[in-house]
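Reviewing the structure listed below.
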C-alpha cells in the first residue's frame, strides 16, 4: 500500500473512531418521479422501498428520523419535446427544483438526507440542494451507466441519462439551456466525482470521461483490482487530501439483474451483493456521508411479486448499510454485560440463557 493510501486510511479510521458512537439524524424524502425516462412504474419505487421496511430498519439502527413523506411534484400540463428529442424537460426541471429545496432544508437542518426515487434525473435536484450547504462535496456515483450524456449527445432523449452533464462545471459550454432548467447552477468539478460499476457507456460519454479526466471504475476494473482496492482509490481521490461531505448516488441497476431485476435498464455482469454492500459499508466507515440517493427501483417491471420484493429489499440493505448496518449485525451501542452481582441476577441469567 502506498504511503498516501496508508495515511488516508489512517485518517478515515480516526474519523470513524470519533464518530462511531454518534447517532445519525436522517431525513427521508420519497421522490415518486418517472418523467426522466419513458417506462412507467419507477414512480412507485419509494412506496416499494418503504413497504420493504426502510423506516424500521433505520430506526432499529438508532437513527433519529425525519420523514418528509413522498413529495407531490407540480404537474406540467404541456411539456413538448426539446429539439424534437429531449423528453419532458419542463417536468424534469421543475421537479428537480422542488426537490432541491427540500434537500436543502434537510441538510441545513443537520440531517443526512436520503432520497428514494424515482428515476436518476432526480440527482440534478439532490446534488444541487446538497451543494448549497456543502459546496465542496464529493460524489460517488454507483451505476451501470455514466448518465453524463448532454442534450446534444443523447440518442434516447431521456434525461435520466444526462443528470451529471448539468451538474459538471467543465461541461457547461456543451450543454444548451433547456426549458425549465434556468435555475440550475453547475456545482461539481471533474475531480469531485468518481464512478463505480460502469458497464454500459455510450461513445460520447466515454469521450467525456476520458477527455475531462473523470475517474471511473468499470466492472472490468472491479474484476481486476477487487472492490477493496477500488474503494481505497476512490477515497484517495475524493478525501485523501481533505475531509469533505460525501454524496452517494446509487442506482439499483449497478447490481447484477439477478439481484435487482425490477429496474428499467438492467445490464448483465453487475455488482454482487457483497461488492455493493462493501461499497456502502466503507462509505459509512468514513463518517462523511451527508446525502444518499437510491433510485430506479421499478416494481412494475418485475415479472413476479418476489422479484419486486427482492429489489426493494436490496434497496433497503443499501441504505441501511450506509448508516451503520454491518454484515456482523447492525447494533445500537451495547455498553455493558450483566454480572451475577447485579440486582436483577436471575433475570440476567435467564436473558443470557436465551
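Here the Cβ of each residue, glycine as well, is placed from N, Cα and C on the backbone.
Taken from Swiss-Prot, the feature transit peptide applies to 1-22, supported by sequence analysis.
Residue 120 (Mn(2+) 1 binding site) falls within a helical segment according to DSSP. A sphere of 10 angstroms centred on the C-beta of residue 120 (Mn(2+) 1 binding site) encloses 31 other C-beta atoms. Annotation comment: Swiss-Prot describes 120, 143, 147, 251 as Mn(2+) 1 binding site, evidence class sequence analysis.
As annotated by Swiss-Prot, Mn(2+) 2 binding site applies to 143, 145, 251, 253. Applying an 8 A CB threshold to same-chain residues 6+ apart, the list for residue 143 (Mn(2+) 1 binding site) reads 120, 195, 196, 197, 198, 249, 250, 251, 253, 254.
Summarising the annotation, Swiss-Prot assigns substrate binding site to 145, 146, 147, 148, 149, 156, 157, 158, 202, 265, 296. For residue 202 (substrate binding site), the count of additional Cβ atoms within 10 Å of its Cβ stands at 17 [all protein chains shown].
For 332-354, the entry in Swiss-Prot reads region 'Disordered'.
In the shown protein chains, 25 other C-beta atoms lie within 10 A of the C-beta of residue 147 (Mn(2+) 1 binding site). Residue 147 (Mn(2+) 1 binding site) and residue 296 (substrate binding site) are 13 Å apart (CA-CA, integer value). Taking only the Cα positions, the spacing between residue 145 (Mn(2+) 2 binding site) and residue 202 (substrate binding site) is 8 angstrom.
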